[in-house]
């Protein structure tokens, strides 16, 4: 069965001045998390949304809800191209839904039209993880269709080579590593504030 769509409760009244400045500067733009499977987009995204007092949505969960199938079932029944088409439609819809934190699947940013829409309508944040970190994390999960291969480490290396050049187009890059999640969230908040609110350099 597909997972239920989810949001997190907002806590706007508890925002720090820095967090309030970020939300004001965002306007109606979402913060979109991109990166490889296992980079921590959903975990960090939920916590970042709580810090900013914004809704959180996971694009993969929304895709499953729209299709009434899990992502592995979509891959098995219809194939990856069908999944990517649906993914692009869902993300396009979510980008029009106001300010939020949105976690996207690892392959979503590879589609040019999706990159263009994110660039136009959102602030993109890449959670960059090393191959060994990704492999260690995803080995615990059985629901990764692209890793159902005899050589998961080789598959991850290939995906990194394909995807990281495009991920580098993100507005903000955060190193995802094995530290407490709140430390990563602190870095996300600081980077968002620097990107959105820092005064431009004086001439």
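Using N, Cα and C of the backbone, Cβ positions are placed for all residues, glycine too.
Residues or ranges marked as ATP binding site in Swiss-Prot (evidence: sequence analysis): 38, 39, 40, 41, 42, 43, 144. Per Swiss-Prot, Mg(2+) binding site is recorded for 42, and the stated evidence type is sequence analysis. Swiss-Prot lists 60, 84, 106, 163 with the feature substrate binding site.
Swiss-Prot feature annotations superimposed on the structure.
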{"residue": "39", "record": "ATP binding site", "contacts (Cβ under 8 Å, 6+ apart)": "106, 127, 128, 129, 134, 176"}
{"residue": "40", "record": "ATP binding site", "contacts (Cβ under 8 Å, 6+ apart)": "127, 129, 137, 176, 181, 184"}
{"residue": "41", "record": "ATP binding site", "contacts (Cβ under 8 Å, 6+ apart)": "33, 34, 35, 103, 104, 127"}
{"residue": "42", "record": "ATP binding site", "contacts (Cβ under 8 Å, 6+ apart)": "58, 103"}
{"residue": "43", "record": "ATP binding site", "contacts (Cβ under 8 Å, 6+ apart)": "181"}
{"residue": "60", "record": "substrate binding site", "contacts (Cβ under 8 Å, 6+ apart)": "71, 103, 104, 105"}
{"residue": "84", "record": "substrate binding site", "contacts (Cβ under 8 Å, 6+ apart)": "107, 111"}
{"residue": "163", "record": "substrate binding site", "contacts (Cβ under 8 Å, 6+ apart)": "36, 106, 107, 109, 110"}
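Cβ contacts within 10 Å of residue 106 (substrate binding site), excluding its own Cβ and spanning all protein chains shown: 21. Under DSSP, residue 43 (ATP binding site) is assigned to a helix (H, G or I) in the three-state scheme.
Residue 38 (ATP binding site) falls outside any helix or strand according to DSSP and counts as coil.
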